[in-house]
């Protein structure tokens, strides 16, 4: 940045979020908050917002960005699968169906906090058992909400996305960039 501004502190362990922000030219410092992600009895969209807020509030710094992504299948949260078998079950349930992906972010600047939730509609094509086995065997879905990564091998599972693709990846990049830019925090 060259202006002596502090780095953007990313309150997330997601390598995807870090890579997206670095691709825009932001210097990033990762500070993974020790926030429990299980057990909050909230609807999916509210859960994403609550988790993003908790993560952001748990980290110190002038410029902090936290985010959380929740996969919503008919009002049920599909988190990160515990193991390959649960990943297989998730993909069977998503096969040929529409689901929602909610990504919430919490942006703290020296003057304010901005919180938003963005939602994309994701349509999976019908998947064969062989395709599911192939994807599960890759291991890609084990660390991702819903058990798939739209930006990796999981792109083969999708029929279409309505809304911001990067919401599905884990951060509505254009919106976050616009908010940072408008507040003078530029790459």
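Glycine is no exception: its Cβ is also placed from the backbone N, Cα and C atoms.
Listed in Swiss-Prot for this protein:
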type	residues	note
ACT_SITE	68	active site, proton acceptor
SITE	16	site 'Important for substrate specificity'
SITE	69	site 'Important for substrate specificity'
SITE	151	site 'Important for substrate specificity'
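Ranked by Cα separation from residue 151 (site 'Important for substrate specificity'), the recorded positions 16, 68, 69 are led by 16.
Comparing residue 16 (site 'Important for substrate specificity') with residue 69 (site 'Important for substrate specificity'), their Cα atoms are 12 Å apart once rounded. A 10 Å cutoff on Cβ-Cβ distances gives residue 151 (site 'Important for substrate specificity') a total of 17 other Cβ atoms nearby, all chains included.
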